[in-house]
Amino acid sequence: MLRRARTAPGRRTGATALHRDDLHLMRLTFVIASALGVAAAVALVGFYGWQPIVQAVEAVGWGVVPVSLVRAGEAAGAGLCWWLLLDRQNARTLRATLLLRWVRESVNALLPVAQVGGEVVGARLITFWGVSRSLAAASVLVDLLAQTATQFVFTLIGVALLAGHEGGGAIARWVGLGLALLGPALAGFYAAQRFGGARLLDRVLRHFTDDPQWTAVGGGLNAINAQLLALYGRRGRLSAVFALHFAIWFFGVLEVWTALRFMGHPVPYGTALVLESLGQAVRGAAFVVPGGIGVQEAGFVALCAVFGIPAPAAIALSLAKRFPEVVLGLPGLLVWQGLESRRILVRRGAERALGAGDDGARPAPAAVRRP
């Protein structure tokens, strides 16, 4: 059996050093990706001119309000999807999933977490409402699969519509190739959840080591696996979650439709669907770039050109879609920090109360002890 070697205090093990090296590499990757994204955004502004873009943004005007309301509706619907996966379906947990879905979206939109850090934060925070860690993790995994799978189909519809439009064939082929590569990964993500991938990983861990830390991880994986099997056994709820996520994608098309209408470039719903679905796909593919900065803008410029929408309006469209990320995201981050701070204060208060109780129960010294 492999066992962890003891090390002198203050010395780093090879695993710890490797972990720190990985973190350093990850941070460096995000910094480089961010710099490239900003450079791309600056290049777009420099090429097409600042003034036309500002004019297009000004044309949106109060249109950012309905765009933000649509985004809030999307987050609320996604929170309802998450709630359907929990055991305790009451008003309290519904309020929790609505609130925490807002936090999840805020973290993914504004922090350099490769668009998945919000799921980790959400799984942790939902345990504050009495949800077990295993169910919290399993519910987020299933929710993420439902969201990704329905987006896959939604993007396929967008590709089909684009392919049928004159001049859209080249972009449709490239996006279709990306979807062809994503399909097996998505199927593997489902298979790992549905057919005991966590249990298999636990067996591998136990085969190679009896370190208590690693076996504890394996036990946690088994608990998550049990919750996953239970969730997939509730076919009615699961179908509702997939259907609702699918509907949310189509509802989100109203962001593009509304923004372009305010800018004086009204388009049919089908065109807005192409722009929304492929715009989301482009940003998702550039997950390493925080916020997809520069990439989202370039994607909209290319897509809008197919439908005769000028580049300044395309960039303004991207900025209009970023507006809700800021006005909703910043308060969402504050809510997250508030929940974490409250948790710490409650825990410290409980520890102090427990300490005071222990002191009161402690026997008196012999000199003053009653006979």
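Just so you know, glycine gets a Cβ as well, placed from its N, Cα and C.
Listed features, source TrEMBL:
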TRANSMEM  28-50  transmembrane segment
TRANSMEM  62-86  transmembrane segment
TRANSMEM  107-129  transmembrane segment
TRANSMEM  135-162  transmembrane segment
TRANSMEM  174-193  transmembrane segment
TRANSMEM  213-233  transmembrane segment
TRANSMEM  240-260  transmembrane segment
TRANSMEM  298-320  transmembrane segment
**OP:** With the transmembrane segment (28-50) as the reference, find which of 62-86, 107-129, 174-193, 298-320 contributes the most Cβ pairs under 8 Å.
**Re:** 298-320
Original post:
Under an 8 Å Cβ to Cβ limit, what residues of the same chain, 6 or more beyond the ends of the transmembrane segment (62-86), are close to it?
Top reply: 93-94, 97-102, 105, 122, 126, 131, 135, 139-140, 142-143, 146-147, 231, 237, 240-241, 244-245, 247-248, 251-252, 254-255, 258-259, 261-263, 320-321, 323-325, 327-328
Original post:
Short question: which residues 6 or more past the ends of the transmembrane segment (298-320) have a Cβ under 8 Å from it?
Top reply: 40, 44-45, 48-49, 52-53, 55-57, 59-60, 63-64, 67, 162, 165, 167-168, 171, 255-256, 259-260, 263, 265, 267, 271, 274-275, 278-279, 282-283
Original post:
At least three Cβ pairs under 8 Å linking the transmembrane segment (240-260) and the transmembrane segment (135-162), pairs spaced 6 or more in sequence?
Top reply: yes
